[in-house]
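Right, one structure below, let's go through it.
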Amino acid sequence: MQKPQLLVPIIATSNGNLVHAAYFLLVGIPGLGPTIHFWLAFPLCFMYALATLGNLTIVLIIRVERRLHEPMYLFLAMLSTIDLVLSSITMPKMASLFLMGIQEIEFNICLAQMFLIHALSAVESAVLLAMAFDRFVAICHPLRHASVLTGCTVAKIGLSALTRGFVFFFPLPFILKWLSYCQTHTVTHSFCLHQDIMKLSCTDTRVNVVYGLFIILSVMGVDSLFIGFSYILILWAVLELSSRRAALKAFNTCISHLCAVLVFYVPLIGLSVVHRLGGPTSLLHVVMANTYLLLPPVVNPLVYGAKTKEICSRVLCMFSQGGK
């Protein structure tokens with residue numbers, strides 16, 4: 001016996017032609033039953049607590065310690081703030097879905113979540129590029145580092161990254177609102193992403209496809225190319241150093257950033273490739289999306305906390321004082 005499709009209330013626009021759902025239904029991870037989802041909620045809550053504690057700690061340490069008011073740490077504070085917001089946008093809703101089976105998400109809230117996820121991801125990409133530029137100047141032009149990356153310049157870079165991310169992705173919710181949707185409104189995902197909402201439409205989505213591809217190439221694509229080019233120049237400069245110890249010390253300052261870049265871009269590239277292959281949303285697609293959104297907020301504080309001596313020592317000092 002075929003399982004009946006779950007129908008969702010439809011809202012029509014004033015012209016009576018375009019329709020959209022009152023809410024969408026989130027599936028979570030396709031193929032997994034309620035019991036598995038329930039048990040997955042506990043590691044998810046642990047990840048959220050770890051991401052919140054880790055990123056908040058980094059932001060507060062950099063805010064309090066005036067000696068850390070340098071470009072590298074200011075960019076790190078921006079990265080931690082973005083990760084903190086991104087994890088708060090995705091993880092609590094996922095936890096309610098996994099723990100209590102609350103699948104419903106209102107149409108406009110879904111669009112807002114989608115917009116913030118994509119826009120803040122673009123901002124994070126720009127901050128990672130800025131951090132690569134900081135490492136390039138520090139290693140290749142150390143005498144000019146203080147004059148090139150002043151506090152004012154860092155603030156302008158941060159504001160530009162935020163503006164670019166929000167401006168590029170601002171049209172997406174409106175483009176999705178113009179589409180008509182089918183009678184079934186089940187999103188085979190744990191949260192709302194542009195490509196998954198777009199697949200539910202009964203109308204032509206070529207504008208969405210073209211604009212989405214344009215954003216990926218012009219934002220994340222360009223950023224990743226410049227990051228790669230920066231590291232080619234950094235590697236070239238490091239290899240030209242006469243002392244092996246100096247070369248290792250110089251490159252060691254880049255390891256944390258390289259880890260952050262890999263954790264962000266590898267799942268993003270995988271997600272883009274899987275999506276471009278077309279077809280229904282697969283388990284691999286969902287896993288890649290979850291990795292892309294959930295892993296960086298958890299991993300970045302751990303990597304920077306372990307590899308950055310100033311932050312690590314401050315955290316150890318806080319714990320030692322708290323234990324007295």
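Note: Cβ is positioned from N, Cα and C throughout, glycine not excepted.
Membrane topology per Swiss-Prot: G33 and K93 share a side, carrying the same topological domain name.
Swiss-Prot lists transmembrane segment for one of the ranges 6-26, 153-173, namely 153-173. C202 (disulfide bond) falls within neither a helix nor a strand when secondary structure is assigned with DSSP, and so counts as coil. Distant neighbours of the topological domain 'Extracellular' (89-112): 11, 20-28, 34, 37-38, 40-41, 44-45, 47-48, 51, 120, 173, 176-177, 187, 190-192, 197, 293-294; these residues of the same chain sit at least 6 beyond its ends, with a Cβ under 8 Å from one of its Cβ atoms. By the criterion of other Cβ atoms within 10 Å of the residue's own Cβ, the least surrounded of the disulfide-bonded residues C110, C202 is C202. For the topological domain 'Extracellular' (89-112), the number of residues in each DSSP class (helix H, G, I; strand E, B; coil) is 18 helix, 3 strand, 3 coil. Counted as Cβ pairs under 8 Å, contacts with the transmembrane segment (113-133) are highest for 210-230 among 210-230, 251-271, 286-306. Listed stretches 39-59, 210-230, 251-271, 286-306 were compared with the transmembrane segment (68-88); the greatest number of C-beta pairs under 8 angstroms is found for 39-59.
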